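Features of the protein shown, as given by Swiss-Prot:
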type     : residues                                            : note
ACT_SITE : His118                                              : active site, electrophile
ACT_SITE : Glu188                                              : active site, proton acceptor
BINDING  : Asn31, Trp32, Lys33, Gly194, Ser234, Gly255, Gly256 : substrate binding site
Amino acid sequence: MFTDKETHRKPFPTWAHLLHSEPSKQFVFGNWKMNKTLTEAQTFLKSFLSSDILSNPQIITGIIPPFTLLSACQQAVSDSPIFLGAQTTHEADSGAFTGEISAPMLKDIGVDFVLIGHSERRHIFHEQNPVLAEKAAAAIHSGMIPVLCIGETLEEQESGATQDILLNQLTIGLSKLPEQASFILAYEPVWAIGTGKVAHPDLVQETHAFCRKTIASLFSKDIAERTPILYGGSVKADNARSLSLCPDVNGLLVGGASLSSENFLSIIQQIDIP
């Protein structure tokens, strides 16, 4: 058992309700990447799930463990307000793809959402926008929420190409989704991930506003207004509040700082709710 009986909480509403509810909710997702053994995950969750910080219904929290921990983590968080995410998925439902995991498999073990196109998938594993569009569609068709990750490199940012890069990633990455699809967007400038460099809140707001305007042009103003747009890139407790104060920032995608329950809870505690 990961948790004691008294730490169990009533589950939060469904994703459909959350993504159509008032825009004041903030989302905070912790991406564990390729970290933690089962024992380490047990230790983390025992501490994490016992915190009263998680009781705020205006903050929607999710953890994104590696594939090997998804089933165990799902059992641990099933009676809590925590949602479960996967770090990627394959675009096909099944087949001869050794080492891959499909969206129906993830949904079957209780995964709620899945990252699509995290910068490390794009730049280390060379995942391209057309394939990511298929992965996002696969997540939707399997009943999960895709979290499309977009972002520019330092060279692209310094050359003034940020909006062109993001427009291309959004236009192609969202092209296979149904017109009324529910999805989440995560802006993660590549130059800020794991580097300790954080985009200035003014730049974050400007970029998020551009992304929302683009979503409106691709889908509708209504979908743009209700689509959560998260920021990711060296998020820590000392910058979480200033980032969450940006009008078009609806939450944070946290990397290394989410590996410690104490640090992750400190970030959640800093989130500003209007």
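Note: Cβ is positioned from N, Cα and C throughout, glycine not excepted.
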Practice task
Specify the count of other C-beta atoms within 10 Å of the C-beta of His118 (active site, electrophile).
Solution key: 27
Problem - Set of same-chain residues at least 6 away whose C-beta sits under 8 angstroms from Gly256 (substrate binding site) - result: Lys33, Gly194
Fill in the blank from the handout: Within 10 Å of the residue listed as 'active site, electrophile' (Cα basis), scanning recorded positions Trp32, Glu188, Ser234, I find Glu188
Fill in the blank from the handout: Rounded Cα distance, in Å, between Asn31 (substrate binding site) and Glu188 (active site, proton acceptor) is 13
Exercise for the section: Would you mind listing, in sequence order, the residues at least six apart from Glu188 (active site, proton acceptor) in the same chain with a Cβ closer than 8 Å to its Cβ? Expected result: His118, Ser119, Cys149, Ile150, Gly151, Tyr231, Gly232, Gly233, Leu253
Handout entry: List of residues, in chain order, with Cβ under 8 A from that of Ser234 (substrate binding site) and at least 6 apart
Key = Ala192, Ile193, Gly194, Thr195, Gly196, Lys197, Val198, Gly255
